[in-house]
Amino acid sequence: MVDSCCNLRGFKLRRCAFTLLLCTSTKLTPRLSMGNLAANEGLSVFVILVWLAINAFLFVHFYMAFLVDKWFYTRVLLGQALSWARAPAACLNFNCMLILLPVCRNLLSFMRGTIQFCSRTAARQLDRNITFHKLVAYMIAFHTAVHIVAHLFNFEYFMDAQLNRNSSLLPFILSEIGNGDNASFLNPIRSNETNPTIVMFTTIAGVTGVVITLALILIITSSMEVIRRSYFEVFWYTHHLFVLFFIGLVFHGFGRIVRGQTSASLTTNDPRLCADRFEEWGRNDSDCAVPVFAGNPPMTWKWIVGPMILYVCERLVRIYRSHQKVVITKVVMHPSKTLELQMKRKGFHMEVGQYVFIQCPSVSRLEWHPFTLTSAPEEDYFSAHIRIVGDWTQALYEACGGDKTEPQEAWKLPKIAIDGPFGTASEDVFRYQVVVLVGAGIGVTPFASILKSVWYKRIQNKDVFTKKIYFYWLCPETQAFEWFADLLQSLESQMAAKSVTDFLSYNIYLTRWKEQEAAHFWVHHEEENDPITGLKQKTLYGKPNWDSEFTGIASEHPGTKVGVFLCGPPQLGKSLEKQCLTHSEADVKFIFNKENF
Amino acid sequence: MGKIEWAMWANEQALAAGLILFTGGIVGVAGLFRGWQFAAYAVAAGLFVCLLEYPRSRRAKGTGVERKWQYGLTVCVKAFGPLTRNYYARAFLHAALCIPAGFILATVLGCVCLGIASLIYLSVSQILLQYFYILFSPCRKLVETVTRKRLFHY
């Protein structure tokens, strides 16, 4: 359907500087942001509340667990700082267990397939996996900070106990325990001729702690939105420090540095009775023996071994998928540096609104990049439109012969691997009689698939439920129009051929423009075809007046349910939701689907 | 990865390091740890690094995204001229700042993070990139509004 470069009539497009808004290629994981999450009541909020509740419970439970007698002498040295260190440690165990799960996308896909039969709302929660991953990461960073601050105090108190060498002080007496056998000690700092920094670098817990904290900090700084969106490779490769993180985490507790009184010792030395009589410990006439201490066995590995195994399986599945044969059937170079790849794979089945991860081994063995599928399920191939914005996309473009003028031989095209498709299908679009689709800028990509699919359904089956589509495309730049305008042109001509002219009504809004461009539009305003898109439907300028649009739609379709779908920024979502609420009167109902995309 | 502007990541890392240094210093001073004077230094150094690194540079290719409220700081930082504009200078500045923080445990993490940021800046400075200042132009918006009003009557 979309198989020719669109040469916009008479208007040379100036290549503007690349704005950050559009500088992602069509690598759309479904639009997730903290704002969207807040807007989605129900299941999402419930999941988050349960997660926070478990965190709070673990924190309080483990805080209290270190207030028992077993830790009495430890608390003599450390005070409350012991509990303040152990409580976030427990939460860290829990969150590090959780953090690997949302990124096992094949596992989630499998779960989605199973859940979708019961509840589409529940299935759609799985689309928010990356948001949840980020939340858990923030929680890990927070608990790490609390844990480290508490341990700074702990180290200081341990050091104090060794430095104040006065036999009338209990902390000093406690620190002297275990000097003989080097096993029953309480204070991990064994002498006063050291300092906390040296101790940190000479204990397993200290060294692993430094390694995992540094790994965490590097992962977080390279995951900032600016870095992630502009320099995906930096983000992707640095993120693999998580391997170091998890290995360090497993060994972090092996030194058994946190020590409490053994249960045997508690029978011979009851802290409540013996703490004040520490001068008498071990004497023949005393009923207080010298206390004996031991460390807890490491627990962290029990929490994270399961998810680690699942993640290893996930990576193995991705390796398997990368060996499945994918054939590029057509490569189309669109203007404005957009590459369209049409591909086929045996057994590939997609639905509208889904996305895939694409890997090109000849470009990079390690990188998988997500792209929304722009073909319809009714077509015999699947396609993705890829914007050339970074190193990987540029290399892919060259590998597919984009920089050459003559057509490429089929066998010269690079090998491709596909993982997916992922994402909950946007089938809800087909459940409404009247549909309003709003796409902002690059957010229009999933709508390519939907529009094509709706059109195919219309011409193949006369009884398709959807009778009318209102499509709004808000674009800040003329540059991004071409391949999608081509699609709309194709639809326009096909509809004219079938004399179906009132099925699709589309409106394109140019929300930003340059002064010279504006002058050109002004001059060519009266021509039959639009100067930018070449379509018969004229491009409009500025932002749409939603109030009048919704009023118009309401008056055209009384007594129907109108579905409103958005792929764009959250502020637009809020204003559309408001419009839906205000225009939903007795006979016409606007339903804003805020979970899709 | 040639086109990647590592300086963007160095900036993020240095900002995070400044925060960590600051926090470590606060803990050291609040707890009056041994060597709390180093912690006090770290508070000042951390704050300074944060203020220096908060304004995000414009990218050499493409447009950058400002951080919120960075305009005032950009003006201050710009006043120091080549001392802050050049990446060599930043690399050495961060290296020098981080050394005293390495003496006590509370601030050693900030020291290492700032050291890493310094190393990234050093690797970037090989390409002799310069820090470009994002300064918001108040004229631009006015021109757009006037154009819109003049041409399209709203």
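Cβ coordinates are placed from backbone N, Cα and C, and glycine is handled just like the others.
Whatever TrEMBL says is automated annotation, not expert-curated.
Database features, via TrEMBL:
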TRANSMEM  A:43-64  transmembrane segment
TRANSMEM  A:84-104  transmembrane segment
TRANSMEM  A:135-153  transmembrane segment
TRANSMEM  A:198-222  transmembrane segment
TRANSMEM  A:234-254  transmembrane segment
DOMAIN    A:315-428  domain 'FAD-binding FR-type'
### Distant-in-sequence neighbours of the transmembrane segment (A:43-64), which means Cβ under 8 A and at least six residues beyond its ends
37, 83-84, 86-91, 94-95, 98, 121-122, 125, 128, 132, 135-136, 139
### Message
I'd like the per-state residue tally for the domain 'FAD-binding FR-type' (A:315-428) from DSSP, helix first, then strand, then coil.
### Response
22 helix, 40 strand, 52 coil
### Query
For the domain 'FAD-binding FR-type' (A:315-428), what is the mean per-residue pLDDT, to the nearest integer?
86
### Summary
Within the same chain, the residues 6 or more beyond the ends of the transmembrane segment (A:84-104) and with Cβ under 8 Å of it are 51, 54-55, 58-63, 65-66, 129-130, 132-133, 136-137, 139-140, 143-144, 146-147, 149-151, 153-154, 246, 249, 258, 299-300, 303-304, 306-308, 310-311, 313-314
